[in-house]
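Novice: Before we start, here is the structure in question, set down as structure tokens.
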């Protein structure tokens with residue numbers, strides 16, 4: 001079981017620190033909901049930012065302006081008291097201990113633990129993202145449709161309705177931009193916390209190993225470097241996988257309302273693309289995992305070479321080791337190249353899907369002899385373009401989550417090795 005080393009300072013034991021219960025543990029975060037907050041320059045700028053400043057990243061303006069003028073004193077930057085790696089690591093460690101106590105070491109899942117660690121922030125991020133997706137739908141779909149109908153027959157509408165539609169378009173676009181900015185602010189802060197906790201916990205567990213237990217040194221190094229960044233990307237893009245269906249379903253329903261049943265032809269194209277993207281994600285993961293293994297092997301081999309460089313020089317073994325490292329690197333590059341092929345194909349499909357869906361929809365619509373006026377046509381194009389966002393973020397999200405799953409699995413291997421070393 002992962003426990004805090006008893007030889008460490010007692011301040012490092014998170015369980016010794018009183019933890020606020022109920023809503024009190026969210027008290028500091030709820031302060032961010034205040035529209036405007038004033039704080040002393042001694043405090044961390046992000047922790048004391050108001051809602052408007054936090055959402056628009058305005059709290060960074062003084063820092064960036066000081067850097068631009070070359071008058072930045074980095075000693076004046078204060079570390080957030082709520083993102084101290086020690087506290088985050090101990091909290092994640094406590095959640096892991098609770099998971100092991102509940103289901104046992106063999107059935108314990110580090111993925112479930114990380115979900116619990118991010119649960120509240122993931123819920124908030126999903127709600128904010130859903131609002132942003134609804135705003136992204138209302139502007140190009142509902143408001144544009146009403147504007148086109150107003151333009152096609154202005155005599156039958158009043159000036160007040162035109163002004164109202166203009167204000168509605170502005171409100172929809174402003175809401176979309178504002179909530180997407182807020183979404184990025186929440187996700188970035190959450191991802192930093194997740195990466196810090198993961199990397200600190202991995203570092204503690206690696207130091208706790210009595211021996212490396214057969215785990216390659218290159219893999220241990222990669223866990224402390226690359227894997228933390230993969231968790232960071234998963235923290236940023238993970239919530240997009242939950243909120244993208246909101247936009248997708250809303251666009252499907254309204255496309256059928258505007259154009260009729262023939263809009264389902266374009267929707268069918270999108271539905272065909274979804275399993276194709278999932279297949280691409282599996283293929284990316286299939287090639288990424290061997291690439292990571294090759295990277296571990298190459299780093300391990302380079303460590304051996306550097307540790308034995310005098311012996312290699314003495315016996316003139318440079319060419320032999322060079323060929324061995326080149327062979328490992330060749331295999332690594334091949335797997336990375338194959339994964340990149342599928343990633344690029346996934347992005348290309350996401351880019352071309354609105355065009356293909358629109359063409360197929362209009363062909364089917366005209367083939368049945370149904371009327372097609374400018375309002376319906378341009379609204380349908382706007383709806384399919386709005387649906388593109390769902391497909392655009394899906395491959396990025398799938399790739400980030402696939403890479404994070406590999407990283408989490410590697411850290412769980414270390415936990416098993418640590419348990420064996422304790423039993424031994």
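Quick reminder: no glycine exception, Cβ is built from N, Cα and C everywhere.
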Novice: Between the candidate ranges 49-68, 69-88, 89-108, where does TrEMBL place the transmembrane segment annotation?
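Specialist: In TrEMBL, the transmembrane segment feature sits at 49-68.
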Novice: Pick from 261-280, 281-300, 301-320, 321-340: which range has transmembrane segment per TrEMBL?
Specialist: 261-280
Novice: Relative to the transmembrane segment (231-255), which of 122-151, 261-280, 347-369, 389-411 accounts for the most Cβ pairs at distances under 8 Å?
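Specialist: If we count Cβ pairs closer than 8 Å to the transmembrane segment (231-255), 389-411 scores highest.
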Novice: Are the transmembrane segment (347-369) and the transmembrane segment (49-68) near each other by the rule of at least 3 C-beta pairs under 8 angstroms (pairs 6 or more apart)?
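Specialist: Judged by the Cβ rule, the two regions do not touch, with the required three close pairs absent.
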